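Q: Structure incoming, see below.
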Amino acid sequence: MIYGDKNLGVIVQNITGKQGTFHTELMNAYAREVGGRGVVAGVAPGKAGREVHGVPVYNTVREALREHDATASVVFVPAGAAGDAVMEAAHAGIELAVVITEHIPVHDAMSAIAYAKLHDCTVIGPNCPGLLSPGECKLGIMPAHLARRGNVGVVSRSGTLTYEVVDELTRAGIGQSTVVGIGGDPVIGQTFVDVLARFEEDPQTKAVVVIGEVGGNLEEEGVRSTDLPVVTYIAGVSAPPEKRMGHAGAIIEGGEGDARSKVRRLRALNIPVASRPSEIPGLIREVV
Amino acid sequence: MKLLEYEAKRVFAEYGIPVPKGVVIRAPEEVAAHLPDLGDGVVLKAQVDVGGRGKAGGVLMADRATAAETARELFSREIKGVPVREILAEERLPIEHEYYVSIAVDRSSRQPVVLFADAGGVEIEKMAEEDESAVRRVVVSPLLRDIPPFLMRELLGGAPKELAPVINSLYHVFQGKDAMLAEINPLVTTARGVYAADAKLIIDDNALARQGITVNRDLSEREREAEKHGFSYVELDGTIGVIGNGAGLTMSTLDLIEFYNGRAANFLDVGGGADQERVMHAVKLVASMPGVNVIVVNLLGGITRCDEVAKGIIAAGVAPTVIVRMAGTNEEEGRRLLAECGYRMLESMDAAVKAAMEVAE
């Protein structure tokens, strides 16, 4: 596993919001199932003293950490205030912030990620489904029942496509070491390079599925940076140019970063590229 | 959203960047009234949102005598298929040298990146391809208010120091206006000083609200309607409607249709956490497009709950044409609800797409 295990203490920022409340319950159900610690405290300014599914709520991250032992935060704070929430967490000593929120202005993301770095806080996301190490811990919104413990790492820019690939792997009898959704925005805290470096140091991980999409060239940077066996899938080969396909990151910018040329460049590096998600398990068996 | 040149120049001027004297005209006869201010030479620039406007005939030179006729000619043109409705008429600058400067979001370093070249007015990608050293680049910490002098020196190299304050102002535009890209090409020196002869500004769509911009011109009518409900929506030219949650999965569904030699009619991403009502609007919107005879709903519940989606599909009431594949959060409840109403459900996206292809043909 990478980023955390059973012993990880987690807080949820904006725990009283609809998604914060719902997913705190799911995260803690998973923690109970695997014998982990899960969400130990929540934060919602002005709502100290409440409880959400038995989890105590505090006004600030600092106050929560005074009473509870936690090193990670899952951020469900609305877009306009999410950058601030990440900085608050980093400032208070949180080491890992997983940002689920989508539609965060890119300048806020740049500032928050830079500020977090100054405080040695690792940011995953924004606009991501989070992190799941089957049998150990879940931070975020991934449907955990699709995953099985195993030796294949999954790292992805797209939330739902991650679940699709995890589902395919599990149904083919291939378990996962850790599944990381890094987010689809133009600026994200952990890129493929960062996550693959962690996988490389993880004795459990024998191969990695890299799931990318149109926009930028982060996939290529990632696979070039690692010695691990890698299988890739790139969504968006049918995407028309200059159209915004779904979210901020998924746009073809002036011919650069389109899916077809990405696939071409990856194949030129001798990296297996699946032409559809259902081909991934077969390709994994070939590289392991 | 990409601003038009004159809109971008207005913003640049607010931040103290010198721009040429100019005026926006909407009819050829308007140019005459402004000629005394603009001087002997004028540049007429079509205000259309297309790349490579100059090469496509969207920029014409004129003088006092020919200005009205040239404007009439430009108004009659289509630039890459876009009709010319507005023209920016500008004074022609006595240019000494042209430079290139742009500031963008660098995905790899997660910081603003400033690009500068000693030759402007040309396509920067080509310039960089031909000679890598022709384009200098520095990344700036987003926590800094200004481009620090040491980075500015690195950026400018031997170029005149007078460019520095203009480039720093452009950095302020980039930060203050939530820009994804702020570009001046060419940035020109004249005997009178430094000017932004052209201007390009793209604002982050996620920041339009706080920038006080309410209309996103980049969207078509139907896409705008979709945006009202919070969807990402793109129209294509096939027969299979596609609804998914999440950009990646929805695009992947589209790719799979292409893989099986089918043609998608459109693409609708309901986004994260879509509730019953949003899903209902999504199905109705996709179904309303002419030529759509089957809809594939490919849904993997995470933050989105399958039972909510099922209720939305049922509420839309277009039962026979919807093929559903759903898994994830509250999957069992969602599948139960749909089964009760007789919807066709398949286990995998491959199977769902294949089934849709059969209906489409």
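Cβ coordinates are placed from backbone N, Cα and C, and glycine is handled just like the others.
As listed in TrEMBL for this protein:
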ACT_SITE  A:HIS247  active site, tele-phosphohistidine intermediate
BINDING   A:THR16, A:GLY17, A:LYS18, A:GLN19, A:LYS47, A:ILE100, A:THR101, A:GLU102  CoA binding site
BINDING   A:TYR163  substrate binding site
DOMAIN    A:3-104  domain 'CoA-binding'
Q: Looking at the binding-site residues A:THR16, A:GLY17, A:ILE100, which ones have a CB within reach of chain B, meaning under 8 Å Cβ to CB?
A: A:ILE100
Q: Quick check for the class: what is the C-alpha distance, in angstrom and rounded, between A:GLU102 (CoA binding site) and the residue listed as 'substrate binding site'?
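A: That separation, Cα to Cα, works out to 18 Å.
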Q: I'd like the per-state residue tally for the domain 'CoA-binding' (A:3-104) from DSSP, helix first, then strand, then coil.
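A: Result for the domain 'CoA-binding' (A:3-104), in helix, strand, coil order: 38 helix, 25 strand, 39 coil.
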Q: Quick one: largest C-alpha distance among A:THR16, A:GLY17, A:LYS18, A:GLN19, A:LYS47, A:ILE100, A:THR101, A:GLU102, binding CoA per the record, in angstrom?
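A: Taking every pair among A:THR16, A:GLY17, A:LYS18, A:GLN19, A:LYS47, A:ILE100, A:THR101, A:GLU102, the longest Cα gap is 23 Å.
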Q: Roughly how many Å lie between the Cα atoms of A:TYR163 (substrate binding site) and A:LYS18 (CoA binding site), rounded to a whole value?
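A: Cα-Cα, rounded: 22 Å.
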Q: Can you check which residues sit near A:LYS18 (CoA binding site), meaning Cβ under 8 Å from its Cβ, same chain, 6 or more apart in sequence, and list them in order?
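A: Residues satisfying the criterion: none.
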Q: Take the Cβ of A:THR16 (CoA binding site) and count every other Cβ within 10 Å, whichever protein chain it belongs to.
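A: I count 19 other Cβ atoms within 10 Å of it.
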Q: Looking only at the domain 'CoA-binding' (A:3-104), report the model's average pLDDT.
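A: Within the domain 'CoA-binding' (A:3-104), the model's average pLDDT equals 97.
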Q: So of A:GLN19, A:ILE100, A:GLU102, A:TYR163, which of the binding-site residues has the fewest other Cβ atoms within 10 Å around its own Cβ?
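A: Counting other Cβ atoms within 10 Å of each of the binding-site residues A:GLN19, A:ILE100, A:GLU102, A:TYR163, the minimum falls on A:GLN19.
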Q: Taking the Cβ of A:LYS47 (CoA binding site) as centre, how many other Cβ atoms lie within 10 Å?
A: 15
Q: Restricting to the chain of A:GLY17 (CoA binding site) and a gap of 6 or more, list residues whose Cβ falls under 8 Å of its Cβ, or answer none.
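A: The list for A:GLY17 (CoA binding site) reads A:ALA44, A:PHE76, A:VAL77, A:PRO78, given in order along the sequence.
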